[in-house]
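Below is one structure; the comments refer to it alone.
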Amino acid sequence: MQPNSHIFVIITISSLIITVSAYGSTGTIAAAFGENGFFCAIDASGKQEVICWDRGNTNRSLNRPPGEISGYSPPMTSLSGGEGFLCAITSNTSRAFCWNLEDPSENLVPRAFQYNSYLQIASGNNHVCAISGLYYSGPDYGPVHCWEYSDNTNFTSGLLWNSSFHNPYIDSLMFRKIVSGDGFSCGVTKDGDLVCWGPKSNLLNFSNNEEFEVLASGRNSVCGVSKDSGQLHCFGDETEFGSLPNRPRFIALSAGANHYCGIREDDHGVECWGRNLNSSSSSSAPNTSGFVAISSSDSTTCGVRELDLVLDCWRVHDSSKADYSPPLELCSPGMCSPRGNCGDGWFAFNASILKESELTSLCSFHNLNICLRCGISCLEGYFPSSTCNPNADRVCTPCSLCQNSSCYGICKIRATKSKEHEQKEQREVRRLVIIIGCSVLGFLVMLIGLSFIPKMTKGSKRDDEERSKMTCCFCFDKNSVEADPDPVPHQSVLLPTAVSLGETKIFRLSELKDATHGFKEFNELGRGSFGFVYKAVLSDGIHVAVKRANAATIIHSNNRGFESELEILCKIRHNNIVNLLGYCSEMGERLLVYEYMPHGTLHDHLHGDLSQLDWSMRLKIMLQAARGLDYLHNEVDPPIIHRDVKTSNILLDGEMCARIADFGLVSSNERDSSNSDREGDVYDFGIVLLEILSGRKAIDRESDPAGIAEWAVPLIRKGKAAAIIDRNICLPRNVEPLLKLAELAELAVRENSNERPNIRNILCFLDLIVKSGLTF
């Protein structure tokens, strides 16, 4: 019999599987709503400790109490957020534990329920419901218990456990899953019925009998995904969910104040919708990694990335900075369960991918599994290089590494790759024909030449002695090379095109014109204060970079100054410097020939379209760039002050080694170095360090503040260096070296130049960090 004094709704559905992660739902990451809102997540250390962070970006572990927290809370297996508070199921005893940030160690669960065991919990606006049972064993269903708080600002002032949520009919049911909102809870019974109860449950206005496989609740609404059609349905207050997206099915949902977000089944990307949300707002979710878990507060959504289990947060209603800056911690991808076999379309998370030798499971009980949904495809710019299996999800690989036809279509490069492959085969055939032809011709010439040797031995040697030799007058310490036998008067000495490191050559103007196709724009690599830089291929096939001075540079400098600078540049040789190979000064031109750097600039890898750099590569680049700058400051005589150290002047060679570029040809006044000049280079190098650590541009007009130093330094000085670390790439297990590097960058960009370290000290510190290595 159903008491009339209680309102509830029943929707009959069969064999329901629900994944929830939202307001009033259960997951490994959850958010408390309201002015006193905060996020918490379960870490991936295997201890199931809880880490929380609030709007002030104060990060704390509830299990490792800092000085401002008295006592501590137990490890937990699942979390659920309410209005200003969170509740959880403890991992060791399967009991309920609720808290707020005023005193996280105080359990707000009424004493009558504190010693009961629960397998799931769902926090609402000011009430909590939990399913009796053990999450780690036994049946996955049980009766539901509810309690209510009369005052959210003082939870202990009124506990109405025998309240409007107490219902004899509800007490008689066995539930598998539950969610809660403002004045209502909904649960899936053992028989597959969806039942909603509470004083406001009638406002949900359910209008169909869909079978939902995913369900989430907001304050005054519920959204679900149909198991059969994959279609999204929402009920209740339309201002919370707005227009629904027409997308492939979602495998998880999360609800905020006026928005919902979902993880797509196919590529595990996140999409958001709701009131006043457009396509650009929806796309504010990170697109460099899929997600395994998400949760929302009023206007912010946070999630656990599938790439590296790192937390990421973003604002949904606008593109400004997120309210919450999560700590650099790896978090659990899902809830622990006693399922031995995860089933079709699922895989069991393997803790070995975290590469911690002693870590075998993320669950307190090692017989438990974390079952996650398989991905089918990958985000744009990636292709699946392996498919999902019972022990691992599919692997997504950048399209830049696509090497065969299996990924051409996905990466949209089939036609290009096929054409390149055909052209490569044609070049190989032509090369083979040329080699065979030249070999035969050479053999014939040798036979003919041998027949004339006796007649040539009587020739005069004076012919050779009369051939004059001219050498380069600028590069005194370099090898001399034979010049053209018929030089043009009043022009520079012309050298052969063979180029080798250690020799600085003089090139013909015509030769460099041919090598650059007449200095055409399509061969242009870049532009600078000195002039233009062109990619060139010499007649012997060697790739070089040719820097051509513009008219202003030529007018404002004299020949003697040019020669003096050449004399210095000719002596510079270092593995982390873009070395000068030669020059040309014919017809008033000033052309410098440098080593060609095929992998472009550091700037383009950090901020452009070139491939992303992992942390090992970034640290190596920091160290190598510091070595190059140290060489200029301390080993060259006279010392060279760069005056323009920036990511676009750090180039990467064929082996991805960093080279300092664009440091020569300054005026004689500029060449006079001083300590203040060196400290200026150190400041610029500090900016480079901040760019590498954060992935942010030195000047970003779309951010406030625009300058990277103005943005990063206050955070570092407040002990929040983790907030600047780039989360778009897989983080190392131990981020402490990165935080130390942030502190080093802060020293380098100090306003008082006397407080900055010199480049030699920076180099020593970087060397120690790189030698210690990073653990991934």
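We number each residue from 1, going along the chain as drawn.
Glycine is no exception: its Cβ is also placed from the backbone N, Cα and C atoms.
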Query raised in the report: Disulfide partner of Cys342 per Swiss-Prot: which of Cys313, Cys363, Cys371, Cys374?
Result: Cys371
Report task. With Cys396 as one half of a disulfide in Swiss-Prot, pick the other half from Cys363, Cys374, Cys378, Cys438. Result -> Cys378
Query - Per Swiss-Prot, cysteine bonded by disulfide to Cys388 (from Cys374, Cys399, Cys402) - result: Cys374
Report task. Provide the three-state secondary structure of Asn350 (N-linked glycosylation site) computed with DSSP. Result -> coil
Query raised in the report: From the Cα of Cys378 (disulfide bond) across to the Cα of Gly531 (ATP binding site), what is the distance in angstrom?
Result: 43
Report task. Using C-alpha positions only, work out which of the recorded positions Cys342, Cys388, Cys396, Leu525 is nearest to Asn404 (N-linked glycosylation site). Result -> Cys396
Query raised in the report: Who sits close to Arg527 (ATP binding site): which same-chain residues at least 6 apart have their Cβ under 8 Å from its Cβ?
Result: Val533
Query - Least Cβ-crowded entry, counting other Cβ within 10 Å, from the glycosylation sites listed as Asn92, Asn205, Asn287, Asn350, Asn404 - result: Asn404
Query - Entry from the disulfide-bonded residues list Cys378, Cys388 having the most other CB atoms no farther than 10 A - result: Cys378
Query raised in the report: What does DSSP call Cys396 (disulfide bond) in the simple three-state scheme?
Result: strand
Requested in this report: Summarise the model confidence on the repeat 'TNFR-Cys' (341-396) as a single mean pLDDT, whole number.
Outcome: 89
Report task. Measure from the Cβ of Leu525 (ATP binding site) and count the other Cβ atoms within 10 Å, all protein chains considered. Result -> 17
Report summary line: Quick note, Cys371 (disulfide bond): same-chain residues at least 6 apart with CB under 8 Å of its CB -> Gly334, Ser337, Arg339, Cys342, Gly343, Trp346, Phe347, Ala348, Phe349
